[in-house]
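A.B. asks: Mind having a look at this structure? Questions to follow.
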Amino acid sequence: MKYLTKSRVIATIAMLGCLSVSAWAETPTNQPESLTDKALKHEKLGVVVESANHKFAEKYRLQYDSWKATAESTDRSSALEADPRLVVLWAGYAFAKEYNKPRGHYYAVTDVREILRTGAPKDENDGPQPMACWTCKGPDVPRLIEEKGERGYFDPKWAKYGAEIVNSIGCADCHDTTSKAFEEGKPALRVARPHVLRALESVGWRFEDLDKHGKRVAVCSNCHVEYYFKDKKDVTFPWAKGVDVDSIEKYYDESQFTDWTHALSKAPMLKTQHPDFEVWSQGVHGKNGVTCIDCHMPKVKDKDGKVYTEHKIGNPFDRFDATCKTCHEQSKQTLQDRVKEHKAQVKEAMIRLEDQIVKAHFEAKVAWDAGATAEEMQDILMAIRHAQWRWDYSAAGHGNHFHAPDVMLHTIATGLDRVADARAKLGVVLTKHGVETPIVMPDISTREKAQKAVGIDIAKDQAAKDEFLRTVVPQWERQARERGLLPEVTPKSVTTPKVDAK
């Protein structure tokens, strides 16, 4: 393997699982109050956010067209159909209704509108979800937070600003698009979500003190992180004790936070989001200063030889010469085979853990039905919580098997330990209450059968969602066009620029 092109190395504080900023920091100078300082005081940042993506199409044509090409990632296949165990793991939570495989940034707003999890609100005060569900979906979010303040943004229901959040993840999520530097063609990277600035500060990643490589990672942490809704409203990163699986679990346990109570086992559950920043930081690439941008947004050339940053975020192997080959001497096939092997190992272990947790949930329900007491079940439910947290920390990320396969295998192994403890104790409780073991497990071989087993009526939810998409969403888009947040005519096609690796 060649020497890495970057000399900077992230130092990991093992005790806390925190990241050290020292290797990524620039020497600060006397400057006016920073955005981080304002965020820490919960003040408005005083920024201008031009959130309409289409307004940058002409000046930054190469970047814009490559960003727009994320629309080619159209596969929205159901993860619940591929693995019906997920329905049981999330029983009682909206993810058990619909959970699809991720697709391109271009669809961020469309997908959150259409997913069953956001319900079918009839007006701005209706629906099951808070505004927080929009927070990662596009640059209209930091614009609204600046206009309304954090309370004005986070307090309402999800439907309140449906006509305002219409631009999918784009330019102003990462760039200060109104700055002189951006006008001159410089990156002008910026984080304009106050809660993200506070979270970065909590792990020593003060945004203003980061060098350009650190800032490239930090803008991705706007969204590619684990988070929860504090007080069921505010997007919060649970990093106060560190970013590894044990530190975040400890944070949640000590704050007595629960995403939901499981419909079968009654365990106080946690739902991991997508801890990509956290897992990357623990892996070989993160520890050696290789950033998200290096692998997913490399420098490429257009047909005339002009160099620009590829914004069609995707698999690094699709741009092998511009990504992997800048550090590795091995062939593309060799590296692909290695990644495939890691993925298979992690997936196999993950399925084993899923199987055990599913059984634990059903066994716990039988125990409750047989008359088990809260005292008898207390330790069992916490073991189930911890086992599933470890499974989800491994499963919810994008490419965890690549970013840190050793960390994932260790995390899953500790999850297997926790669920083994839960099931051993369940065996004792079941026997005590006269239940023969093993219990009879229901058929969960398909998504439909699994949803029936946990009592979900999808037909009713889908009918309501269809009506919402037919009546409410067109009104949102009409209002957005009137305000200039969307172009008057939606582009009919997507042009992918032809590029060669630099």
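Cβ coordinates are placed from backbone N, Cα and C, and glycine is handled just like the others.
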A.B. asks: Could you look at HIS105, HIS342, HIS361 and say which one Swiss-Prot places alongside CYS220, CYS223, HIS224 in the heme c 3 site?
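C.D. replies: My reading of Swiss-Prot gives HIS105 as the candidate in that site.
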A.B. asks: Please identify which of HIS42, HIS311, HIS328 is recorded by Swiss-Prot as part of the heme c 2 site containing CYS171, CYS174, HIS175.
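C.D. replies: Checking HIS42, HIS311, HIS328 against Swiss-Prot: the heme c 2 site match is HIS311.
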A.B. asks: In Swiss-Prot, the residues CYS292, CYS295, HIS296 are said to bind heme c 4. Which of HIS401, HIS403, HIS410 is said to bind at that same site?
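C.D. replies: Swiss-Prot lists CYS292, CYS295, HIS296 binding heme c 4, and from HIS401, HIS403, HIS410 it also lists HIS403.
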A.B. asks: Would you count the other C-beta atoms found within 10 angstroms of the C-beta of GLN273 (Ca(2+) binding site) for me?
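C.D. replies: Neighbour count, Cβ to Cβ under the 10 Å cut-off: 18.
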A.B. asks: Which of the binding-site residues CYS133, CYS174, CYS220 has its Cα closest in space to the Cα of TYR227 (Ca(2+) binding site)?
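C.D. replies: Comparing Cα positions, the candidate nearest TYR227 (Ca(2+) binding site) turns out to be CYS133.
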A.B. asks: Quick check: in three-state DSSP terms, what is LYS271 (Ca(2+) binding site)?
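C.D. replies: Coil, per DSSP.
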A.B. asks: Check the Cα distances from HIS105 (heme c 3 binding site) to each of the binding-site residues CYS133, CYS171, CYS174, HIS175, GLU226 and keep only the ones within 10 Å.
C.D. replies: none
A.B. asks: Tell me whether HIS175 (heme c 2 binding site) sits in a helix, a strand or coil according to DSSP.
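C.D. replies: HIS175 (heme c 2 binding site) sits in a strand per DSSP.
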A.B. asks: Using Cα coordinates, what distance in whole Å links LYS271 (Ca(2+) binding site) and CYS174 (heme c 2 binding site)?
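C.D. replies: The Cα atom of LYS271 (Ca(2+) binding site) is 26 Å away from the Cα atom of CYS174 (heme c 2 binding site).
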